[in-house]
Amino acid sequence: MKRIGVLTSGGDSPGMNAAIRAVVRKAIFHELEVYGISYGYQGLINGDIKKMELGSVGDIIHRGGTMLYTARCEEFKTLEGQQKGIEQLKKFGIEGLVVIGGDGSYRGAQKLTEHGFPTIGVPGTIDNDIPGTDFTIGFDTALNTVIDAIDKIRDTATSHERTYVIEVMGRHAGDLALWSGLADGAETIVVPEADYDMEEIIGRLKRGQERGKKHSIIIVAEGAGTGFDFGDRIKEAMNLETRVTVLGHIQRGGSPTGFDRVLASRLGAKAVDLLLEGKAGVTVGIEKNELVYHDINEALAKKHTIDLEMYKLSQQLSI
Ligand code: ADP
C-alpha cells in the first residue's frame, strides 16, 4: 500500500482533528502518501480530495470540529453512490481509507470494504455509542462541557431554590447523561437503557425537599424523552417551580480534553497500522486501555449498553 485516504463523516466531535493529524503523520512516518477527503462521503463522490503533508495538520490538535469538514450524504447509501466513491478513490490511486465517524459512517465504511476497498473505522462521536470501544473520541470533552454547564446552572438553582431539568445529547445512548449526572451529583438521571418510575422520581425529589435541599437537578438523556416533558410532569406532580435547559450543540464543540487528544492520536495511528497489516472492515477501539480492533459488522450487531453498576451507584448516592 502506497497511498491512503482519510475522511470525517456524520456528526462532528472534538478530537476528530487530532485523529486526522495522527492518520496523516503516522502514514507519512511509514512513507505512505495521504489524501484528505473533505465533506465526508459527499466529498468522496464529488472528488473533493487533496494531498496532505506533515504541515497540513499543524496547529489543529487542540481545535474542535474537523478541518476536513463533515457532511451527511444520502447518495452514498445507494450502490451507485458507493461505486462513484470507489471510482474517485481509484482515480486518485488511493488504496485504503480511514473513516472517522459514528455508526452511520461505519455502515458506509463497511460497504466500501464489501466492494473490495479496504476501509478502517475510527470511532468519533460524543455519544459513546459505538460497540467495540470503551470510549469514543469526543465523549470526554462533551462530558466536561456538560459538567461545566451543570455547575453553572447549579449556582442559579441554589440561589433560587428551584428544580432544574437538563436535557443532554447522546442520541439513543445514555452515557453522557449517566456520566455527567454522576459527576455532578444529580438527584435523578433518566437514560434510555433503564426503565424509570415517575413516582419514584417524585418521591426522591420530595425526600430531598423534606430534608431542606435547596435545589434539585434532573438529567434527561435526549434518547429517553424531552427535558420539557419531564419538566411539565414534575411541575404538575409537585407544584414546584421547574426550569428546563436543553444544552444542545454547545456539547459538540470546544477544544478536546487531554484524554480525547491522546485517544484520537492512538486510534488514528492504529488505523494506519491496521491498513498496512492488510486489515479491512474493522473498527479500532480502546478496551481496558489496550488498543483493540473488531469486525465492523460484528461490532454494529451488538446492542449498546450503559454500565448498569454505575447507574445503580448514581441512585445510591442520591437517596
Ligand atoms: P454518524 O456517522 O455520526 O452516525 P450518520 O448516521 O448521519 O452519522 O451517517 C453519516 C453518513 O454515513 C451518511 O450520511 C451516509 O453518507 C453514510 N451512511 C450511513 N448509513 C449508511 C449505509 N447503510 N450505507 C452506506 N452509507 C451509509
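Glycine is treated like the rest: Cβ placed from N, Cα and C.
Among the features that TrEMBL reports, domain 'Phosphofructokinase' is placed at 3-275. Per TrEMBL, ATP binding site is recorded for GLY11, ARG72, CYS73, GLY102, ASP103, GLY104, SER105. Taken from TrEMBL, the feature ADP binding site covers ARG21, ALA22, VAL23, VAL24, ARG25, ARG154, GLY185, ALA186, GLU187, ARG211, LYS213, LYS214, HIS215. Marked as Mg(2+) binding site by TrEMBL: ASP103. Per TrEMBL, the feature substrate binding site maps to THR125, ILE126, ASP127, ARG162, MET169, GLY170, ARG171, GLU222, ARG243, HIS249, ILE250, GLN251, ARG252. Sequence annotations record features per position, and here TrEMBL assigns active site, proton acceptor to ASP127.
The structure, with features from TrEMBL marked on it.
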residue : record                 : Cβ within 10 Å
ARG25   : ADP binding site       : 20
ARG72   : ATP binding site       : 15
GLY102  : ATP binding site       : 23
SER105  : ATP binding site       : 28
THR125  : substrate binding site : 28
ASP127  : substrate binding site : 27
ARG171  : substrate binding site : 18
GLU187  : ADP binding site       : 22
LYS213  : ADP binding site       : 14
ILE250  : substrate binding site : 13
Conformational class of GLY104 (ATP binding site) under the three-state DSSP mapping: helix
Cβ neighbour count (within 10 Å, all chains shown) around GLY11 (ATP binding site): 21
Candidate binding-site residues GLY11, GLY102, GLU187, pick with smallest Cα gap to ILE250 (substrate binding site): GLY11
Candidate with the highest Cβ count within 10 Å, taken from the binding-site residues GLY104, GLY185: GLY104
Structural state of ARG21 (ADP binding site), classified by DSSP into three states: helix
Inter-residue Cα distance where the pair is LYS213 (ADP binding site) and THR125 (substrate binding site), in Å: 36
Contacting binding-site residues, sequence order - ASP127, MET169, HIS215, ARG243, ILE250 vs ligand 1, Cβ under 6 Å: none
Residue among binding-site residues VAL23, ASP127, ARG243 with Cα closest to the Cα of CYS73 (ATP binding site): ASP127
Neighbour count (Cβ, 10 Å) for ARG21 (ADP binding site): 25
